[in-house]
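TrEMBL lists 12-27 with the feature compositional bias 'Basic and acidic residues'. Summarising the annotation, TrEMBL assigns domain 'Major facilitator superfamily (MFS) profile' to 51-468. According to TrEMBL, the feature region 'Disordered' maps to 1-35. Sequence annotations record features per position, and here TrEMBL assigns transmembrane segment to 43-64, 117-141, 147-166, 178-199, 211-232, 284-302, 322-339, 346-364, 376-395, 407-428, 440-464.
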Amino acid sequence: MAIFRPNSAGGGDRKGPNEAHYTKDDSNSESTDPSDVLAEREAVWRLDLAVIPIVSLFYFLSFLDRANLGNARVAGLQKGLGLSEFQYSMALTTTYIPYIAAEIPANLFLKKIGPHIILPTIVAIWGIITACQGLVTSYAGLVAARFFLGLVEGGMFPGIVLYLSYFYTRRELQLRIALFFSSASLSGAFSGLLAYGLIRLDGVGGRPGWAWIFIVEGLFTFVCGVLGYFIIPSTPASARFLNSEQKRIIFRRLAQDQPTTMDNEEVFSWSEVLASFKSLHVQLNFVALFMSGTSLYSLAYFQPTIVNSLGYSTSRTQLMSVPPFASAFVVMLATAYLSDRYRARGITACGCAVIALIGFIMFFCSKPNQHKLKYGSLFLSVAGVYSIPPPLSAWQANNSFCHYRKAVSIALGFVATNLGGVLSTWMFPKRDGPEYRMATIINMTFSVGTVVFAILNLCWLRYANVRKKTRRDKLLQNYQLNLADPQISHTENIRAWHELGDQHPDFKYAY
C-alpha cells in the first residue's frame, strides 16, 4: 500500500525533506497564488475535521479505559476485591507488560492490514475487555482483564502517530499529535466527572458502584469502535470527504515534504528495524520518553489518590481531580502550537519539563497541612508532564525515514513511555500519603533528566546534520546519481534513500 504517488518520474534533483520543508525558503511547499493557498488550507481543514476527531476519540477512550482503575480504586475497588497495596500495583503493572510487547508489531502491521481495519478493531475489542472488568470478583480476574486490555491497547498510540504521518507534513505533525493526545488530559478530567455519577449506581444489578465505571465506559468504547469502521479513512486516497482536487493537493504536499516518493511497495527489512534501535537520536529520545512517561502515568493513575489523601471525600475527590487535567489540555495545545510555529521540538519538551519540575518542587516543599498549595501544584505538574510527549513523539517521527524505520522508531518511543508506566505503578503507596516524598523526588529527578536528554539530543542532531553535509560524497559514492539516463538516476536515488534512510545527507534532522 503506497501512501502516495509522484506525478513525475524525475527524481535525480528532488530535494530532501528539510529542503522542502525546514529551510527558511520553503516556497516550493506552499504556492504563492492566493487561490492555491486557500485551496490548500481548505484541504487541510477537511483533514483536520475528519481525521483528528476520530483518532482523538479513540485515544480518549484508550486513556479513559486504562486509567479508570484509579477512579475505581477511590470508589472502593481495592476494598471490594480485598486487594493489598502490592496486588493493586501488580494489577497496574500487568497492563503494561503486554502493552509494551504489542507496540512494535502493531506498527509493522498497520500499513499491511490498513489503519481503517486495525484501529477500530482494537477499540471494539478493548471496549469488551473494559466492560468485563466490571464483572470480576477476584484479584485473579482483575489481573487477567488488565493483561488482555494492555495486549489489545498497545498498538493504539504509536499506530495513531504513524497514521497521522500518512496525512500531514512533518511541520504540522506535533500540533495534530497534541490535538489527539490532549484528549488524554480531557479523559482524566472526564473520568472524574463520569465516576462521580456512575458510583451512584451502587447496588444496581447487584454490582458495586466501581464496577459500573468499567461497564458503562467499556460498552461506550465498543460502540465507538464499531462506528469507526465506517468513518476512519486508510489513506488520503480513500478519504471520501476529499474531492479529487483536494486529494491531488494533499499528495503534492506530502511529496514535497518527503525526500522521495515510493513508486513501488516498500519491502520490509529487518535492517530497517535494527537501524532504528542503533540510531543515537532514537536512543536519547527513548530515555527522555521513559522519564517523562514515568511522571505522566504516575499522575494519570494516582492523581485521584493524591487528591483523596488531602482530606477530600470520595465524591469530592472525583470532582477535584478534574481542574488539573483541564489545565493540561490548554497548556498542551498552546505549547504544540508554539512548537509547530517555531519548529522547535526539543526546546518545547524542555520547557514543558521545567513547568512540571516547578509543580513537583512546590508539592515537595509544601508543609503537610498546606493542602491547598499541594493541590495547586498539581496544575503545574499535570500540565507539564502531559505536554512533554507530543513534542518528543513528533521529534521521533520527524527524524526517521523510511516507513518501517519510522514505524519502529515511533513504537520504541511508546515502549519507553510505557516502561515508565511500569515504574509509576509502584510509586504511590497509600502509606506514603499525603507527602509522597519518594515519588516526588523521582518525578523531580526525571523532569531534570528529561531536560538533559532533550538538550543532548539537540546537540547530537545539530552535529549529525553538519557531519552528513561534510561527508556527502562518501555517503553517496555507491549510488549512480549523475548518469545521462534519468531513469537510472531516479532508480539509484530511490535506492539511496531506502538504504540510507534518515542518514541520507539531504535529510536534515529537525530540532
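One is the number of the first residue shown, and numbering goes on along the chain from there.
Just so you know, glycine gets a Cβ as well, placed from its N, Cα and C.
TrEMBL labels come from automatic prediction, so no person has curated them.
Sequence-distant contacts of the transmembrane segment (407-428) (same chain, six or more residues past either end, CB-CB distance under 8 Å): 89, 92-93, 95-97, 99-100, 103-104, 106-108, 110-111, 154, 157-158, 161-162, 272-273, 276-277, 279, 282, 285-287, 289-298, 301-302, 305-306, 389, 392-393, 396-397, 399-400, 436, 438-439, 442, 446.
Between the transmembrane segment (211-232) and the stretches 43-64, 147-166, 178-199, 284-302, 346-364, Cβ pairs under 8 Å are most numerous for 43-64. Non-local neighbours of the transmembrane segment (147-166) in the same chain are 3, 51, 55, 58-59, 62, 65-66, 94-107, 110, 115, 118-119, 122-123, 125-126, 129-130, 133, 173, 176-177, 180, 235-236, 393, 397, 406-407, 410-411, 413-414, 418; each lies 6+ residues outside the stretch with a CB under 8 Å from one of its CB atoms. Beyond the transmembrane segment (117-141), the same-chain residues lying 6 or more positions past its ends with a Cβ under 8 Å from any Cβ of the stretch are 55, 58, 61-62, 65, 68, 81-83, 87, 91, 106, 109-110, 148-149, 152-153, 155-156, 159-160, 163, 207, 211-215, 217-229, 232, 234. Among residues of the same chain six or more beyond the transmembrane segment (346-364), those with a C-beta under 8 A of the stretch's C-beta atoms are 174, 288, 292, 295, 331, 335-336, 338-339, 373-374, 376-385, 387-388, 391-392, 395, 436-437, 440-441, 443-444, 447-448, 450-451, 454-455, 457-458, 461, 511.
The highest tally of CB pairs under 8 A with the transmembrane segment (284-302), across 43-64, 322-339, 376-395, 440-464, is held by 440-464. The stretch in 178-199, 322-339, 440-464 that contributes the largest number of Cβ pairs under 8 Å to the transmembrane segment (376-395) is 322-339.
Model confidence over the domain 'Major facilitator superfamily (MFS) profile' (51-468) stands at 89, taken as the mean pLDDT rounded to a whole number.
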